[in-house]
Amino acid sequence: MGRMFGTDGVRGIANKELTAELAYRLGRAGAYVLTNETHKPKILVGMDTRISGDMLEAALVSGILSVGAEAVCVGIVPTPAVAYLTRKYKADAGVVISASHNPVEYNGIKFFDAKGYKLSDNLEDEIQKIIESDFEGVPLPTGESVGRKVVEESAEEDYIKFAKSTIGTDLKGMKIALDCANGAAYKTAVKTFRELGAQVTVINNDPDGININCNCGSTHPEELMDYVVKKNCDLGLAFDGDADRCLAVDEKGNLIDGDFIMAICGKYLKDKGELHKDVVVVTVMSNMGLFLALDKANIKTVKTKVGDRYVLEEMLKEGYKLGGEQSGHIIFLDYNTTGDGLVTALKICSIVKESRKTLSKLASIMHKLPQVLANAKVPNNKKDIYLEDKEISDEIKKIEEELHGKGRVLIRPSGTEPLVRVMLEGEDQDRLNTLAHGLAELIEKKAN
């Protein structure tokens, strides 16, 4: 069997790939591995608003209880809330049932350890090994040793209280639009901003189990971009389905993506002397404009592979405080162990309020270079061809010379599909289009 866990837990189409049976087995194996030898271990379980959440929660919880662990169910809360509450309630582990920004037919199961961090590859492999061994040596307790399920009613309030504590100001006098993606932020985000005194208008906060991420939220911010201008708001904030990411919209209706957010927050933290070693951790996919803006502000960047888990690894290694991705996964390590959309949203608003500048003015420290993406369809065993083929490497060299320091070429094999992604950045969008698609076609031709 191939590896069950991807970069973000176990994901698949609910009831087809991610079945109730698999959820039960993951609950059972996960509870056993993560609470080894602990007396009556406690595991926190939360989920987003997908229709398949109830089915998977019931199965997962059965698995947890079957090995004698206690399941603490916190209902619909953001993924970062599960990471935080696992620590707060001193649970042995946390599990979230969500497929984040993916369409509704997908769902996922992701584990956190007792400290609120995503599991290491080794622990995930151990869970898989137990499932593949058909639970050899895993006890099935009886009588009073069977686990119990507890519903934690105050989870939402506890998370809101934590989120509010991350900024040192109220938001009175600010008019803010929220797009909750019909997802897990639909209560917590709205309540938090209202309790801080902001005038809040909300779209896409009426989840019906099927409309999560559907033409809304951080993956489709177009509606919010119009709405902010129409309603004359100071800014808008868009979350994804499980609210671990957040994008902003300025008062003019422009999208402020994760790169702009890191530029704004990085400069703010540096000016306050709170940016450890004056470093921001970013991925190779961040826009070159971010590197130039941070460099101008005397902030160093450390680059990682794509994926918030790699950003987090680098931050933990060196004690860096701020890192993230263009997609709006921003990690403030002083506050949470994972990307937290609500904390990111509050940080942006507090900086706007404290600086007395508009969001568009704050964002003007960065100029985004045009970026073009092209995909080359390539068999999985030929994904390294761009490193080995002379004609391809000559073409890459030629493009790099043409961009001469005012752009770049990035080639990245997809981790999940038979594709190689070609990304070009520079100043002339039309020319980039021609070059990127030409290079993708060449890679495709040579690989097939």
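Glycine is no exception: its Cβ is also placed from the backbone N, Cα and C atoms.
The model shown is predicted, which means the values in this text are computed figures rather than measured ones.
According to Swiss-Prot, the active site, phosphoserine intermediate annotation covers S100, on the basis of sequence analysis. S100 (active site, phosphoserine intermediate) carries neither a helix nor a strand DSSP state and counts as coil.
Taking Cβ-Cβ distances under 8 Å and a sequence separation of 6 or more, the neighbours of D244 (Mg(2+) binding site) in its chain are P78, T79, P80, S100, D308, H329, T338, G339, D340, G341. Annotated Mg(2+) binding site per Swiss-Prot: S100, D240, D242, D244, in sequence order, evidence recorded as sequence analysis.
Look at Swiss-Prot and you will find S100 tagged as phosphoserine, backed by sequence analysis.
Other residues of the same chain near the Mg(2+) site, with their Cβ within 8 Å of the Cβ centroid of S100, D240, D242, D244, are D48, P78, T79, S98, H101, G183, A184, F239, G241, A243, R245, G339, G341. For D242 (Mg(2+) binding site), the count of additional Cβ atoms within 10 Å of its Cβ stands at 35 [all protein chains shown].
D240 (Mg(2+) binding site) carries neither a helix nor a strand DSSP state and counts as coil.
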